[in-house]
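**Student:** Feature table excerpt (TrEMBL):
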TRANSMEM  96-114  transmembrane segment
TRANSMEM  120-138  transmembrane segment
TRANSMEM  150-172  transmembrane segment
TRANSMEM  184-206  transmembrane segment
TRANSMEM  241-274  transmembrane segment
TRANSMEM  321-341  transmembrane segment
TRANSMEM  398-419  transmembrane segment
TRANSMEM  456-483  transmembrane segment
């Protein structure tokens, strides 16, 4: 037995091992295949895959202007010619780098320690762009001020927290048909791969096109315009070919089951890209490249938050604030719900009988509280990151993975120059690889029944094409409701005489919605508060779906399952 096995066994037999339910810990329900060393590697992999958020989120939110302002009558609407404003933006960017690292660290540690899930949280891409460019506007040219927008984000987090406490958010999640939950995972896989193939967060193989929206690219950066459209020299870009090489290296190592294959591939491409005098350098001899290289050379630095901490303005009289608040609510709840359930499916800890996953109640509470706390740091809403799939693919099964990711964000507070300098063509291959792994669940969709298969397919294609998990779910849920409501109405009006030929092959969506009732979504600690003691997790296994279907006493069924499911989210 090597020292790694010895370490794994000692940690598993410790109090921490039982809390996180590591394999061999003796916990009532262990996470199969979970080992301390694997969790460490998985957490590091997740962090490296999503480290781009440190600099990207700061850049996007800086474009909002933050707390900076100028005499707009003198310097124009965007304050572009005001030197003091430009200097303020430089300080704002450093503030937001620190804020991004700090809130991501806190959120990931809470998710891991309380929910015991390998899911990382950070300010969400898409939501930050909506916050910066639509709500606040470029350099504050929108109808809502930066401080007002932060207040709206804080209120959103509070509303989410209340919904999670009373169980409404979990109940909404269970309303989503099982076929759409499975389709969401596959759609996110394509979405991840699409991001990994682009230039902003990938290898640049796919670029914009004025005629066909997207096309084969791969041209050097100097031949791309502001819209990422290649003007000649396609497939001649060194970074693109280096990214393709990284993808092939990761794929080959995975084929031979090399431990840490994804992490090794990311690190290899990043190290090759750091030297300057090469055609694949991340720091070209341009003003932007020189600034990035000067920041990279600092290696160790820490910048305290000076201008974004606790900058709320509680003026909710504007209708634009409420529009922003409602938009944050529905987009974030669909994005986060879809991501969490997809990661649960991918990680193998989804309960197929209840269509819920262990720790969901606490996960939603952590997510909502992190949104509110993040607004106090000056950040847009946080959400579960689909890059968590990279860590799950490395074997992450417990909250230790998320805690390690959080600790890496803490280290990044002091080593931001290093972690903010991973080029997109280093992380892009990892996203494509994880995307391919997430497609494996597509075979579980009920393709035989068009009422399940078509909405699932719409969900799959709308997530990447609409560039939003939330919009993909809206399209899938809307089509599912229309098709199946029409069939159900015709079936009822005809008293069962008119029905699709394979009507019996449909998924039992109503059973998943009603099984366990509303009580099954209430967090265990609230059940205890009212004197309802949940039973042990293992006892819920005694109630099989066949037993439930066979019983005629429906009210008794729901009561039994409510008690057993109520404890399913409880951490032993």
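Just so you know, glycine gets a Cβ as well, placed from its N, Cα and C.
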**Student:** Pairs 6 or more apart in sequence, C-beta under 8 angstroms, 3 or more of them: is that satisfied by the transmembrane segment (150-172) and the transmembrane segment (96-114)?
**Tutor:** no
**Student:** Does the transmembrane segment (184-206) come close to the transmembrane segment (456-483), meaning at least 3 CB pairs under 8 Å for residues 6 or more apart?
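**Tutor:** Counting Cβ pairs under 8 Å (6 or more apart in sequence), the transmembrane segment (456-483) reaches the transmembrane segment (184-206), since there are 3 or more.
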**Student:** Restricting to the same chain and to residues at least six past its boundaries, which positions have a Cβ under 8 Å from a Cβ of the transmembrane segment (184-206)?
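**Tutor:** Here the qualifying positions are 52, 56, 176, 214-219, 221, 224, 228, 237, 239-240, 242-244, 246-247, 338-339, 341-342, 345-346, 386-387, 389, 424-425, 427-432, 434-439, 441-442, 445, 459-464, 467, 469, 472-473, 476.
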